[in-house]
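Noted in TrEMBL for the protein shown:
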type	residues	note
DOMAIN	A:6-251	domain 'Malonate/sodium symporter MadM subunit N-terminal'
TRANSMEM	A:12-30	transmembrane segment
TRANSMEM	A:42-59	transmembrane segment
TRANSMEM	A:71-93	transmembrane segment
TRANSMEM	A:105-131	transmembrane segment
TRANSMEM	A:163-185	transmembrane segment
TRANSMEM	A:197-217	transmembrane segment
TRANSMEM	A:229-248	transmembrane segment
């Protein structure tokens, strides 16, 4: 038994390939037998991945889901940002640049509007829950953009570490729900063409959420959504601690 | 050779990330701005050029297509390493803030999609394109 554990820990990436293969096989079977193919196997696989990550996080108290168990640490490499970005760029192979140019204006606008709308909504929720100082309200609003913008902004404006942790949590909730929810809302928001996928990526902004959500909806939309989402965190880090922070201070009078 | 495709992909991503880092530094923020997006555009432009000159044969293409096919498994691995326990146990405010931002953003997708020329829905997937899992 010890030998097996040691072997697995030494060959983490291979364990990850085999484990994800098993998860996808099981998800494909569930898709066929339980939903008669109505819910795509990939959507179920992502959902199972999130469940596994909850189990891993609850068992270890760590922050990296199942990868916190040494046995499955290879998942951290396979699902880390390096290979994720590598695969996202690969999906762009064969994409028609015309399509991207045609949606350029709507996609570009969506990034700015996405940051501002998320910020305003997040800040409003913070006020609803009793936060009144401009630093906390700004940081939580920034967290509602993505879980990277939150702490970057919080550090810049000098928010308390408790508020920064909350802003990360708000961004995490958004990322997880985008992953699960995208296939269900795709129809009602017209998410079936490259242009709306670019707008969707810009409005949501969370790269992991958009990457997972579009994979579960229609893999052909991935490059378009990822294209705009990749600008979102940068724009958020630019706007939240500056213009939007000043706006909050002007409104709150502090 | 398959590796040429993988190498083109890797070079595109590295170049794109460098541009994104430089853009972030120029804007004075500690973040990559659009690196993956620039990488995608580079990959599309470079491979199109090479293909027209006959320098990107099907074997090289396989090196890119393999990683494209690995996308969903990689996303499943990514899902299993998210801090879901942290998100679930974070209390009502974080959950409400995250959900509200998502709902407001989603509601605006159809509005913004109307800007410019209308887009045609993608054709339904045929059986060959469906990712068999």
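Glycine residues also receive a Cβ, built from the backbone N, Cα and C atoms like all the rest.
All annotation found in TrEMBL is predicted automatically rather than curated by experts.
Counting Cβ pairs under 8 Å to the transmembrane segment (A:105-131), the top-ranked stretch among A:12-30, A:42-59, A:163-185, A:197-217, A:229-248 is A:197-217.
The transmembrane segment (A:12-30) is in contact with the transmembrane segment (A:71-93), judged by 3+ CB-CB distances under 8 Å for residue pairs 6 or more apart in sequence. Beyond the ends of the transmembrane segment (A:197-217), by six or more residues, the same chain brings 40, 42-43, 46, 84, 88, 100, 103, 106-111, 113-115, 117-118, 145-147, 171, 174-183, 186, 189, 191, 224-233, 236 to within a C-beta distance below 8 angstroms of the stretch. Long-range contacts of the transmembrane segment (A:163-185) within the same chain, counting only residues at least 6 positions beyond its ends with a Cβ under 8 Å from a Cβ of the stretch, are 39-40, 43, 46-47, 50, 118, 122, 131, 135-136, 139-140, 142-151, 153-155, 191, 200, 204, 206, 208-210, 212-214, 216-217.
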